[in-house]
Amino acid sequence: MEIIEKAPAKINLGLDALYKRDDGYHELKMIMSSVDLADKLVFRELPQDEVIIETDSSFLPVDKRNHIYQAAQVLKKAYGIEKGVHVSVRKRIPVAAGLAGGSSDAAATLRGLNRLWQLGLSLDELAVLAVDVGSDVPYCVRGNTAVVSGRGDVLKPLPAMPQCWVVMVKPRISVSTRTVFGSLSFNDIHHPDIDAIEAAVVAQDYHEMVKHLGNSLESVTIQKHPIVQQIKDKMIKFGADAALMSGSGPTVFALCEKYSRAQRVSNGLKGFCQDVHIVRTLKQG
Ligand code: C5P
């Protein structure tokens, strides 16, 4: 038997860091949305009790550091499964980019293995297991547009964000999420109005939504990597309706209502960065 799952990238329309919790994680309130750029995972049963990962990406480890491996182990341990699986990954989401590529692959693994091993678990049950793999994985189990709070484990589904074009630009630097959170100072932090973004998504008001995009982590990453600010400035100069860093970065995304604008932003940034994608927001489902 062969099971296929898509693992879409996400962007943060809003990310507010509220405070540092006793468990060392930060209490967050975010609006996340899936975009039409996805990895593809194919799962096949193996006769022996092993998790084997194969990928077309040279950036992805295929051992226990891979979130796919960790997700399979979480499921195997929780349900005492002694079966093996071969996972083949066609990687399209930039790695270590702030787009939840690894987390989305892990979530796709939970969904795929639930089907392959006929466990009959609901998405809610998978989301509970998912947090043991990483904070963004519970959201990625369902994807679409959602308010995500707590450590990343409290989910409130929203209607799909208003349709538009998303230009994603990843500079060639790597950013550690742990280091970005570690450098966050609550004396000097921007708190975006997450409720206003949520209300705009519910009202399907694109113009109100783009007014309120914001990310508490952006200034931390910009301080170390000014190129993030330069990309934002160029995106606005070339006609983007808004530009924001996703997650802990370093990817910056621009939102454009019109495709011609998205093309202009993309063309304008191509000379500056190699990793430039124009994608559509995803309709729900
Ligand atoms: O959960 P995950 O392993 O993806 O998180 C990576 C790092 O990001 C954590 O080790 C932690 O330093 C930071 N983090 C945080 N608060 C969150 C999520 C992540 O401080 N809610």
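Counting starts with 1 at the first residue shown.
Quick reminder: no glycine exception, Cβ is built from N, Cα and C everywhere.
As recorded in TrEMBL:
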- LYS10: active site (ACT_SITE)
- 66-143: domain 'GHMP kinase N-terminal' (DOMAIN)
- PRO94, VAL95, ALA96, ALA97, GLY98, LEU99, ALA100, GLY101, GLY102, SER103, SER104: ATP binding site (BINDING)
- ASP136: active site (ACT_SITE)
- 199-272: domain 'GHMP kinase C-terminal' (DOMAIN)
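Structural mapping of features recorded in TrEMBL.
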residue	record	contacts (Cβ under 8 Å, 6+ apart)
LYS10	active site	MET32, SER33, SER34, VAL35, LEU99, ALA100, SER104, ASP136, TYR139, CYS140, GLY143, SER246
PRO94	ATP binding site	GLY101, MET168, LYS170, THR251, ASP275
ALA96	ATP binding site	PHE59, GLY102, SER174, VAL175
GLY98	ATP binding site	ASN12, VAL175, MET245, SER246, GLY247, SER248, GLY249, PRO250, THR251
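Along the domain 'GHMP kinase N-terminal' (66-143), the predicted structure has mean pLDDT 97. Report note: the ATP site is defined by PRO94, VAL95, ALA96, ALA97, GLY98, LEU99, ALA100, GLY101, GLY102, SER103, SER104, and the residues of the same chain whose CB lies within 8 Å of the CB centroid of those residues, excluding them, are ALA9, ILE93, GLY247. DSSP labels the residues of the domain 'GHMP kinase N-terminal' (66-143) in these numbers: 43 helix, 7 strand, 28 coil. Break the domain 'GHMP kinase C-terminal' (199-272) down by DSSP state and the numbers are 41 helix, 11 strand, 22 coil.
For ALA100 (ATP binding site), other Cβ atoms within 10 Å of its Cβ number 30.
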